[in-house]
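Participant: Take a look at the following structure, please.
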Amino acid sequence: MTPHEIDPAHTDTDSAHRLSLVDRNRLQTWFLGILAFSMILFLLVQARFILISLVIAIILFSLTADAINAFSKLRIGSWKITNWLASMGAFTMIAVLLLTLSGIIISQVNAVVTTTVGYTDQAITAISRLAAWISPEAEQMVETSIRSIEVSGYLSTLAGQASNLLSATTLVILFVGFMFAERLWFNTKLENLLHDKAKARRVGRIIHSIVRRVNHYLLVKTAVSVATAIAVYALMEGFGLDFAGPMAILTFVLNYIPSVGSIIATILLGLVALIQVPEPATALLVFVIAGMVQFVLGSVIDPMLMGRALRVSSFGIIISLAFWGALWGIPGMFLAVPIMVAAMIVCSHIPSARPVAVLLSREGLPEIEEAGTLPEEDTRVRQAAE
């Protein structure tokens, strides 16, 4: 065989060998990806207490960072508010607010635990009446099932979970305090980490975009939740119902869960009214009024105030709620939307991950803020960092 001649059998063998190597490398990549994803899920579940506290601390820190920058530029006569003083004031405000809210929630949970026992029989009767609309057999079956539930055990668990809230609050306060202490050096650390000022500024713009959108979302949600909680409290007081305070707090908290939270809050309010009043028509009226309040504030006012800041898919929100709810429980459902917004913005700046951002966005056009500008740093802070 001359050098110019090629053995077909030899060529086929080399091609098959190359294909087998490609398939082997592809299989190895998939295997490593599945293994890495499994490890990440394992760590998310096992370290959920610390991770939930850390994410909440990051959100609180981002909410107050711009306010600190604004206050640090104010002057009162000849006296100028220093960055350190503004940071200490923000940290003190966050600590006092979190501890106060934790105390209120714990006291309301304890009040519900001590009072609910007296409403056990009324609750069973009310729920059985609802089942009676289906059939008498359903009424008997529902009543038997409810009476087999150990209510005292669930109430004790609820009280224990409320007590754990204080530990989580303390951890969040510690995280926020250390973040305030490190905030002056963030840009310098980012530049030294990436070894490229242009790339560092690009990453800074991405972070600023995430912070801006999440802050807008949380501020709107907080305003709408406060208005809804006040309306629920006034509604229950107007009808002379018990648990007005706990139901207002529960409504405020549940409204942070998109779509599902307001529905759950309205159903619970209707059940509480049905348990306490003898006439079903009165409970139905309370339920209808609460539903109208939730519809106006949640479906009209909320989207109008939110504008185009969020721009995430409704179906994606449901998937995110299910995923983070399965991993972190109820706190995960509260944090699902901020995490989803952050993931969408980050993926929109990574070419290989852009399809994920397209799927998570509402119109299929995730916003890329390349032309965005970062908030100007204080000259004193820049000099201190250098």
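Any Cβ shown, glycine's included, is placed from N, Cα and C.
These came from TrEMBL, pasted as-is:
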- 27-45: transmembrane segment (TRANSMEM)
- 51-72: transmembrane segment (TRANSMEM)
- 84-106: transmembrane segment (TRANSMEM)
- 162-181: transmembrane segment (TRANSMEM)
- 218-236: transmembrane segment (TRANSMEM)
- 256-275: transmembrane segment (TRANSMEM)
- 282-301: transmembrane segment (TRANSMEM)
- 321-346: transmembrane segment (TRANSMEM)
Participant: So which of 27-45, 162-181, 256-275, 282-301, 321-346 is most in touch with the transmembrane segment (51-72), counting Cβ pairs under 8 Å?
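Facilitator: Ranked by Cβ pairs under 8 Å, first place goes to 162-181.
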Participant: Is the number of Cβ-Cβ pairs under 8 Å between the transmembrane segment (256-275) and the transmembrane segment (321-346) three or more, considering only pairs separated by 6 or more positions?
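Facilitator: These two segments touch.
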Participant: I'm a bit unsure how to read this: which one of 27-45, 84-106, 162-181, 282-301 has the highest number of Cβ pairs shorter than 8 Å with the transmembrane segment (321-346)?
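Facilitator: The listed stretch sharing the most Cβ pairs with the transmembrane segment (321-346) is 27-45.
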Participant: So which residues does the transmembrane segment (84-106) touch in its own chain, when a touch means Cβ under 8 Å and the partner is 6 or more beyond its ends?
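Facilitator: Answer is 60, 64, 67-68, 71-72, 162-163, 165-166, 169, 172-173, 176-177, 180, 183, 249.
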Participant: Counting only residues 6+ away from its ends, which parts of the chain sit with a Cβ under 8 Å from the transmembrane segment (282-301)?
Facilitator: 224, 227-228, 231-232, 235-236, 239, 241, 255, 262-263, 265-266, 269-270, 273-274
